[in-house]
Amino acid sequence: MYTSREDVGYDFGDSSKDGSKTTQPNPNIDGGWAWMIVLSSFLVHILIMGSQMALGVLNIEWLEEFNQSRGLTAWVSSLSMGITLIVGPFIGLFISMCGCRKTAIIGGILNALGWILSAYASNVHYLFITFGVTAGVGSGMVYLPAVVMVGQYFQKRRALAQGLSTTGTGFGAFLMTALLKYLCVEFGWRNAMFIQGAIALNLCVCGALMRPLSSKEVVNEKCIMTNNSEVNHAKALSHSTDTVKSNGVLNGEQEKKEEATNEEVLDHVQHTESGGESRSGKHMYGLCILKRVSQLTVTVRKGFGIWYSSYFGAASLFTNRVFVAFIIWALFAYSSFVIPFIHLPEIVKQYNLSRQNNIFPLTSIIAIVHILGKVILGIISDLPCISTWNVFLMANFTLVACILILPLMQTYIGLAVICALIGFSSGYFSLMPVVTEDLVGTKHLANAYGIIICANGISALLGPPFAGWIYDITQKYDFSFYICGLLYMVGIIFLLLQPCIQKKQPREKSTEEAQV
């Protein structure tokens, strides 16, 4: 796969008269503006993922307002959470055409519009469209760029950076729950959603902070291909991954030819425009519109070409066997984290532990330790002697073991210990972008991670209703945890059957390595 200089973050310059080229590290990689990107992603997780985890407050208000069944009303929250992740592959197309900054700003406006329109809902079905679809798509348009930008700006400390940014989910769960409760009590749920829509406009500010990495004139294609060959050899990934990378290099030459053709078309339009300066203003205005349309067409065509080749072309991501196994794992994984949040209150009630749970809720234990888990696992993964892939697998094994053991615990202390382990081990979510980037590279991170979160979205959308269906049949929550845990184990086995991913290579190359 061809890794662009903008993604890698190095500027190329002449080192000698004989034409040899050296690389100089971009000062914004692993420092400088990179920490503003982390702050932006942190705020995005608070405003989006934190708000979605606090929707239980509004769910109670919707039940009282519309007098619908719990199952039907719960689909409003499920749609919002599921669509946020499911639209990932399509958001990758927007990123390819418009970039992360513009995509996030448009998504912030759409998310705020969904909240505001939902304040005027007359029934639950109205909320399906305004909140479930509109706000959900807007959330997805902000969430994916927030993750991708952190991956682009960090190379040595990516796991730590992703861990710090995703802790916003835990903080947001506390802040947004308290805020929505206060707003609903003081102003009613409709005004609360209107105010939340105004707050969601801050997502546009977060998007504006996602400044793309600057790029300068580069050396010839031969130098690029040589450096990429060294990088690919150092990564030592599976054979299928190497196929994706080599095809990406070949596609880079074709892209250059297409860009040259497009530039000739634009130059022709500009020449026609300059030659018509003596004509009427009406003709000049028409030529200006034609120029803008041509530029937009070139951008859309190029972005769609990158997006299409990632999924269906010769350099398709699906030729990577480890990545395909990663997708299968994601289809089963996320529901195992969501189900405890939904069913723990009922389990506590069945075991007559409501008094202890009211003092310190078990779900709060998961949320608090989840924050610590993301940071600690990120720090461990960035150690030179530790493989991110091994940390990821160990955390998954711990989580699936806790899911299978949880139904056996019938005391508050036992449940609290298991919930703490669930919270800590689920901190591997911060490693998912890192593992994905190690699999496919920075250039295809947006499209690849879009597929992964799409699989997670399907898991989040179908997992809780499936667990509820099992309860309706067996009248026990035990089997819900057992079945979901076993399915989760199947996903982990798919990962174990693939070749191990080696520790990522050092990102900054020396001067001698960068010379042709």
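Cβ atoms here come from the backbone N, Cα and C positions, even for glycine.
Lifted from TrEMBL, the feature list:
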COMPBIAS  1-20  compositional bias 'Basic and acidic residues'
COMPBIAS  253-280  compositional bias 'Basic and acidic residues'
DOMAIN    37-503  domain 'Major facilitator superfamily (MFS) profile'
REGION    1-25  region 'Disordered'
REGION    244-280  region 'Disordered'
TRANSMEM  33-55  transmembrane segment
TRANSMEM  75-96  transmembrane segment
TRANSMEM  103-121  transmembrane segment
TRANSMEM  127-148  transmembrane segment
TRANSMEM  160-180  transmembrane segment
TRANSMEM  192-210  transmembrane segment
TRANSMEM  322-344  transmembrane segment
TRANSMEM  359-377  transmembrane segment
TRANSMEM  389-406  transmembrane segment
TRANSMEM  412-435  transmembrane segment
TRANSMEM  447-467  transmembrane segment
TRANSMEM  479-497  transmembrane segment
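Stretch with the largest number of CB pairs closer than 8 A to the transmembrane segment (447-467), among 75-96, 103-121, 412-435, 479-497: 75-96. Residues 34, 38, 41-51, 53-54, 56-58, 146-147, 150-151, 153-154, 192, 196, 364, 367-368, 370-371, 374-379, 381-382, 427, 429-431, 433-434 of the same chain lie 6+ residues outside the transmembrane segment (160-180) yet bring a C-beta within less than 8 angstroms of a C-beta in it.
Only sequence-distant pairs (6 or more apart) were considered; of these, fewer than three Cβ pairs between the transmembrane segment (479-497) and the transmembrane segment (103-121) are under 8 A, so the stretches are not in contact. Panel annotation: around the transmembrane segment (412-435), residues 147-148, 150-151, 158-159, 162-163, 165-166, 326, 337, 340, 344, 347-348, 353, 356-357, 360, 362-363, 365-370, 372-378, 381, 388-389, 391-392, 395-396, 398-399, 402-403, 405-406, 445, 449, 452, 501 of the same chain, lying at least six beyond its termini, place a Cβ under 8 Å from a Cβ of the stretch. For the domain 'Major facilitator superfamily (MFS) profile' (37-503), the model's average pLDDT works out to 77.
Packing against the transmembrane segment (192-210) from elsewhere in the chain are residues 36-37, 39-41, 43-44, 47-48, 51, 58, 100-105, 107-109, 111-116, 118-119, 138, 142, 145-146, 149, 179-180, 183-184: each is 6 or more residues past its ends and has a CB under 8 Å from a CB in it.
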